[in-house]
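The following features are taken from TrEMBL:
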- Gly28, Ala30, Val31, Asn35, Ser259, Asn291, Ser357: Na(+) binding site (BINDING)
- 525-546: region 'Disordered' (REGION)
- 20-39: transmembrane segment (TRANSMEM)
- 45-69: transmembrane segment (TRANSMEM)
- 90-122: transmembrane segment (TRANSMEM)
- 174-193: transmembrane segment (TRANSMEM)
- 205-228: transmembrane segment (TRANSMEM)
- 248-273: transmembrane segment (TRANSMEM)
- 285-308: transmembrane segment (TRANSMEM)
- 492-514: transmembrane segment (TRANSMEM)
Amino acid sequence: MDTASIASSAQERPKWDNKVQYLLTCIGFAVGLGNVWRFPYLCQIYGGGAFLIPYLIALVFEGLPLLYLELAIGQSLRKGSIGVWHSISPLLGGVGVASMIISLLVGLFYNTILAWVLWYFFHSFQEPLPWSVCPINENRTGYVQECVDSTPVNYFWYRQTLNITPDIEESGTLQWWLVVCLASAWSIVYICFIRGIETIGKAVYVTATFPYLVLTIFLVRALTLPGATDGLRYLFTPDWTLLMDPQVWLDAATQIFFSLSLAFGGLIAFSSYNPKKNDCERDTLVVGLINSATSLYASIPIFAILGFKATSNFNSCINSNILDLTNAFDIGETNITMENYESWLTYLNTTDPDKVSSLNLKHCELQNFLDQVNHCSLNHEHHNAAQIHFPHSYIHYLACKPLQNRKLIYMCLTFHNEPLTSEVPYCFTKSFFEPKEPKPSKDYKKVRKKYFYKEPLTEWFFVEPKMFTMYAVLVMVQEKFPESEVKPYSSWVFAICVLLSTVPVLSIPIVAVYRLIRRQTRQQTGSSLPNPYDNQAFSTESFKTL
């Protein structure tokens with residue numbers, strides 16, 4: 001074997017064992033909290049089914065083209081994100097660095113959530129569930145007063161899990177149980193990546209399919225709960241007037257970026273292990289459509305549980321009023337029921353309205369209770385309370401555990417809106433410069449001719465750049481800093497959040513300016529890189545002597 005073949009085999013990039021491993025990896029990378037947590041929340045607050053219109057438009061004109069772009073350049077150039085963008089143009093090398101920083105920050109964010117998931121998973125084998133009842137106080141004369149004043153769910157989360165401080169200015173101490181869970185989470189990630197795609201390809205058979213099993217279990221169980229149909233009706237009832245709000249369209253585009261995991265660089269890396277003749281167009285459609293279908297699939301059990309929670313609160317409200325009426329009017333305990341409550345109330349209001357008004361009965365309306373729990377995707381309490389009624393509740397925490405930490409809410413919501421600040425500039429740069437870079441490399445010329453020139457020109461050169469311009473303007477005009485409550489926070493909190501949002505994209509102009517300065521310096525000094533094809537040892541005199 002000659003030297004060239006040895007070097008070629010040494011630099012040969014690994015490949016996936018089969019196509020299923022690659023697709024499962026891409027689907028598992030794309031599908032996550034953005035599907036299970038954020039999509040149902042946005043779909044509900046922005047008019048139910050009406051939100052699907054801007055969502056599908058963003059998917060077709062932004063999500064799928066950018067997904068196709070990442071899969072195509074990774075597969076053809078067979079490099080990671082940094083190497084791909086440097087091959088396209090040295091000026092765009094910072095785009096790859098930005099994707100690496102985004103992946104690092106989001107990895108820290110996700111592993112924190114995974115640590116909470118493990119903590120709840122370990123405790124969910126107990127009977128009764130520790131968040132279903134208040135603990136006994138030290139004197140064993142009653143329940144802990146802090147839990148009584150709140151709820152068992154909140155007490156377990158804020159006190160026994162996070163042990164949060166009263167104010168963000170107080171850092172508190174490390175909670176060793178969460179440190180152990182966080183170390184376990186990172187250990188799991190390390191084991192999955194210890195031998196590259198060889199171990200990733202095996203792990204995705206479980207990690208990419210198990211969430212769908214959990215969602216299916218939840219779907220079957222949630223649809224059997226009382227009030228499930230009310231929750232689904234609340235989800236899919238459209239409010240068309242909200243489509244006039246620009247924030248709806250911005251959040252729809254944000255959801256596409258967040259859900260498809262664009263701008264993280266992972267999809268480019270995964271596709272680089274494919275053979276160059278792989279059909280990446282079909283892969284784009286498969287990954288994109290499965291990702292969006294997962295969002296809809298996950299919304300059904302979540303809002304079925306929301307309807308169950310609202311119905312439970314509604315029934316409790318009616319039963320409380322029935323008890324007051326029964327005691328006040330000396331009516332038999334079984335005379336007033338849920339079914340005839342309205343007729344009894346109307347009759348008593350007619351016969352003795354003053355006495356009824358003196359009871360201060362609660363106003364019970366199902367729609368009001370649905371509105372009260374409509375932020376279920378950002379509130380862990382409703383999920384945990386619903387899980388008390390589920391058999392084998394520990395299964396839930398393998399899928400998702402929403403976060404609600406008052407000490408870290410600003411940092412968490414910054415990542416929650418990460419695509420608004422980091423991924424939009426990243427994709428904005430890709431949209432404008434990717435198909436028409438003035439001096440692309442020879443490798444990229446082949447890629448562009450093979451994959452991009454056959455696409456409709458209106459998509460690459462008009463629609464997508466203009467839509468990203470609109471999104472960039474909306475980010476600056478519409479987006480406000482997320483707030484969990486009206487309370488003044490220190491300036492350093494805002495500074496940290498701004499840094500988390502801006503640091504990833506700073507590498508784009510920094511690398512571009514650095515390359516331009518080096519180019520100008522090289523031109524002024526007259527130095528240039530040697531031409532590998534220039535045979536300086538050859539001369540006509542030496543040729544004549546031969």
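Here, residue 1 is simply the first one shown, and the rest follow in order.
Here the Cβ of each residue, glycine as well, is placed from N, Cα and C on the backbone.
Distribution of TrEMBL features across the structure.
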residue : record             : Cβ contacts under 8 Å, 6 or more apart
Gly28   : Na(+) binding site : Val204, Thr207, Ala208
Ala30   : Na(+) binding site : Ser259, Leu260, Ser261, Leu267, Val287, Asn291
Val31   : Na(+) binding site : Ala208, Pro211, Ser259, Ile290, Asn291, Thr294
Asn35   : Na(+) binding site : Ser259, Asn291, Thr294, Ser295, Ala298
Ser357  : Na(+) binding site : none
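Residues 71, 110, 113, 197, 200-201, 204-205, 207-209, 211, 215, 255, 258-261, 264, 266-267, 270-271, 273-274, 283, 286-287, 290-291, 294-295, 298-299, 302, 377-378, 399-400, 402, 416 of the same chain lie 6 or more positions beyond the ends of the transmembrane segment (20-39) yet place their CB under 8 Å from a CB of it. Below 8 A, the CB atoms of the transmembrane segment (248-273) and the transmembrane segment (45-69) form 3+ pairs separated by six or more positions in the chain. Highest Cβ contact count with the transmembrane segment (492-514) among the listed stretches 45-69, 90-122, 174-193, 205-228, 285-308 falls to 90-122 (criterion: pairs under 8 Å).
Remote same-chain residues near the transmembrane segment (285-308) are listed as 23, 26-27, 30-31, 34-36, 39-40, 43-44, 55-56, 59, 63-64, 67, 212, 215, 218-219, 221-223, 225-235, 259-260, 370, 373-374, 376-377, 382-383, 386, 389 (criterion: CB distance under 8 Å, separation of at least six residues from the stretch ends).
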